[in-house]
Amino acid sequence: MAETNKHDKLEINHIEDLTSAGLMKVYERHGRTDLIPLPSDLPEDPLNWSSFRKNSLLILVALHTGLGPFSAAAAIPSFEIFVDQFGVSLTEASYFTAVPILFLGTFPFLWAPVSSRIGRRPVYLASMLLSAAMQLASAYCTTYGTLMTCRILTAIFICPPQSIGASTVSEVFFVHEKAQKMGIWALLVSVGPSSAALVMGPLVYHTGKWQWTFWLLAIMNLVHFVLYLFLCPETLFDRPERKLGSEAASEAGSYKSAEKWYTSYITFKRHSKRPWSKLPLDIVAPLRYLSRPTIVLPSIANGIVFTYTNVLLTVQVPALLGKKYELNIQQVGLQFSATLIGLLLGEPIAGFGSDRWMQYRVRKANGQREAEWRLPFSIPGFLIAIIGLMIFGVQLQNTRAGVWNVTPLVGSALSVFGQQIVATVCVTYAIESQPRHTPQAAILVSLIRQLFAFSGPFYFTAEFEALGTMSAVGLLSGIIAFTMCLTIACMVFGKSWRAREESLEDI
């Protein structure tokens with residue numbers, strides 16, 4: 001009986017402490033008060049939304065993010081058809097994938113400041129509708145130039161979540177959830193190229209029409225638009241400043257919502273008073289953050305590993321595996337099942353594992369938190385990516401021509417498994433290290449990754465022809481090993497770099 005009374009007394013004291021601090025509603029909603037950022041008491045605050053509402057939005061935005069690379073890679077199974085129909089070389093046909101990749105990396109600079117003015121929801125809806133129109137137009141192109149133009153316009157319209165997707169994640173989820181949620185966003189970027197070729201290869205083979213690639217893409221975009229109408233509320237929220245202690249107690253219950261649950265779906269308004277005349281300056285403004293090593297170094301590491309594993313093992317499959325094993329369009333497409341499996345297995349470990357690793361480090365430091373503590377989890381990813389790439393190269397060179405062999409695909413699956421761990425950790429760190437500049441960090445992460453990805457297809461073929469398969473993958477593996485050193489530099493010096501960056505901002 002005494003123990004029961006003691007427990008009840010502690011519970012009462014706990015409730016009184018929460019009430020006096022103005023945190024009772026936070027505790028009732030989330031079961032804890034050590035949340036970063038601390039939500040308001042308003043139900044329309046995105047941090048207070050239900051798990052279903054948050055996660056359905058996350059899945060849609062992540063799928064939208066993946067549709068950019070998916071669309072770029074969708075043309076890969078049709079390269080040889082383009083060669084015959086448009087009278088171009090195989091290298092020129094590959095530009096239908098390489099050139100959109102460049103625009104996927106550069107035009108997020110436009111969409112980020114636009115969305116900060118009018119909101120995320122209108123940009124997402126317009127993106128899906130306009131890209132669907134361009135996909136449909138692509139199916140009716142009859143010349144190389146017109147199809148390339150439509151491919152570029154599609155990339156421009158479909159790319160917004162490459163930048164504002166990370167901002168959406170940060171606006172809806174707490175810091176302790178960020179790696180797992182950001183990992184899902186990063187996963188779809190990685191899954192896009194391999195899943196596109198896997199789907200489009202059999203589709204083009206059985207229909208005999210490359211146009212079906214773009215008809216299917218248009219249908220996917222339109223379906224996504226409809227889902228956005230019902231499952232994508234506005235996430236930009238002007239959160240009132242929370243007062244703690246005695247001031248909070250006097251204001252307890254003063255935050256009252258004047259909005260209905262559907263308000264964020266139907267209300268369109270200006271979220272920033274910054275004039276449209278400043279838009280050109282806002283577009284280039286993120287470039288000034290290129291001086292910050294905490295953004296640039298992990299972004300370079302992510303970009304190089306992504307290019308030398310995911311992009312390489314997507315763009316070069318028709319030339320390497322298809323040519324050596326004499327595969328048809330459908331068989332070439334099926335080779336991408338290995339990379340898809342590797343990515344899907346890698347992400348749960350990357351997101352869930354790095355969050356648990358971070359939580360362990362925070363507990364060990366009695367609640368102190370440093371962004372750099374996440375980075376050691378990326379080291380196994382670099383090593384696995386290198387091992388997988390070497391297995392791919394060695395087995396591709398040593399197996400017999402004309403007789404399909406699964407062992408190179410084992411290497412490609414391992415390689416992208418490691419790449420996904422690197423991507424999740426490096427992207428999360430680059431964004432987490434800049435809590436006051438999440439949109440700018442996300443844009444630069446996307447830009448650097450896409451610039452590397454864009455350049456790769458222009459020299460991969462020449463490199464493999466000049467060096468041979470084993471020497472080429474050996475060189476690329478060595479470069480990946482060097483990028484691991486960039487991540488280690490962030491582990492050692494990242495804290496001091498961030499302190500210097502913050503001090504310069506306060507001047």
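Using N, Cα and C of the backbone, Cβ positions are placed for all residues, glycine too.
Residues of the same chain lying 6 or more positions beyond the ends of the transmembrane segment (57-81) and with a Cβ under 8 Å from any Cβ of it are 90, 93-94, 96-97, 100-101, 104, 124, 127-128, 131, 135, 151, 154-155, 158-162, 165, 168-169, 172-173, 181, 184-185, 187-197, 199-201, 203-205, 210, 213-214, 217, 220-221, 224, 227-228, 231-233, 235, 314-315, 317-318, 329, 332-333. Among the features that TrEMBL reports, transmembrane segment is placed at 57-81 (among others).
Under the heading domain 'Major facilitator superfamily (MFS) profile', TrEMBL lists 57-489.
Note on the transmembrane segment (93-111): residues 68-69, 71-73, 75-76, 79-80, 82-83, 86, 123, 127, 147-148, 151-152, 154-156, 158-160, 162-164, 283-284, 286, 315, 442-443, 446-451, 453-454, 456-458 of its chain, located 6 or more positions outside it, place their CB under 8 angstroms from a CB of the stretch. According to TrEMBL, the feature transmembrane segment maps to 93-111 (among others).
Sequence-distant contacts of the transmembrane segment (123-140), counting only residues of its own chain at least 6 positions beyond either end whose CB sits under 8 Å from a CB of the stretch, comprise 61, 64, 67, 71, 111, 114-115, 147, 150-151, 153-154, 157-161, 164, 211-215, 217-218, 221-222, 224-225, 228-229, 232. The transmembrane segment annotation in TrEMBL covers 123-140 (among others).
Counting only same-chain residues 6+ beyond the ends of the transmembrane segment (152-175), those with a CB under 8 A from a CB of the stretch are 35-37, 46-47, 49, 54, 57-58, 61-62, 64-65, 67-68, 71-72, 99-101, 103-105, 107-109, 111-112, 115, 120, 123-124, 126-128, 130-131, 134-135, 138, 181-182, 185, 189, 221, 235-237, 427, 431-432, 438-439, 441-443, 445-446, 450. Annotated transmembrane segment per TrEMBL: 152-175 (among others), in sequence order.
Look at TrEMBL and you will find 182-206 (among others) tagged as transmembrane segment. Residues 58-59, 61-63, 65-78, 81, 161-162, 165-166, 169, 212-213, 216, 306, 310-311, 313-314, 317, 328-334, 336-337, 339-340, 343-344, 347, 350-351, 354, 416, 419-420, 423-424, 427-428, 431, 449 of the same chain sit 6 or more residues outside the transmembrane segment (182-206) yet have a Cβ under 8 Å from a Cβ within it.
Under the heading transmembrane segment, TrEMBL lists 212-232 (among others). Outside the transmembrane segment (212-232), and at least 6 residues removed from its termini, the chain residues within Cβ reach (under 8 Å) are 56-57, 60-61, 63-64, 67, 70-71, 74-75, 77-78, 120-121, 124-125, 128-129, 131-133, 135-136, 138-139, 158, 199-200, 203-204, 265.
Panel annotation: around the transmembrane segment (295-313), residues 190, 193-194, 289, 339, 343, 375, 378, 381-382, 385, 388-389, 392, 412, 415-416, 418-419, 422-423, 426-427, 429-430, 433-434, 441, 444-445, 448-453, 455-457, 460, 476-477, 479-480, 483-484, 486-487, 489-490 of the same chain, lying at least six beyond its termini, place a Cβ under 8 Å from a Cβ of the stretch. TrEMBL lists 295-313 (among others) with the feature transmembrane segment.
Within the chain carrying the transmembrane segment (333-354), a Cβ under 8 angstroms from the stretch's Cβ atoms is held by residues 77, 179-184, 186-187, 190-191, 194-195, 197-202, 205, 310, 313-314, 317, 321-322, 327, 374, 377, 381, 388, 409-410, 412-421, 423-425, 428, all 6 or more beyond its ends. Among the features that TrEMBL reports, transmembrane segment is placed at 333-354 (among others).
Among the features that TrEMBL reports, transmembrane segment is placed at 375-394 (among others). Residues of the same chain lying 6 or more positions beyond the ends of the transmembrane segment (375-394) and with a Cβ under 8 Å from any Cβ of it are 298, 301, 305, 308-309, 313, 342, 346, 350, 353-354, 357, 407-422, 425-426, 429, 469-470, 472-474, 476-477, 480-481, 483-484, 487-488, 490-491, 494.
According to TrEMBL, the feature transmembrane segment maps to 406-429 (among others).
Per TrEMBL, the feature transmembrane segment maps to 441-460 (among others).
Taken from TrEMBL, the feature transmembrane segment applies to 472-494 (among others).
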For the domain 'Major facilitator superfamily (MFS) profile' (57-489), what is the mean per-residue pLDDT, to the nearest integer?
86
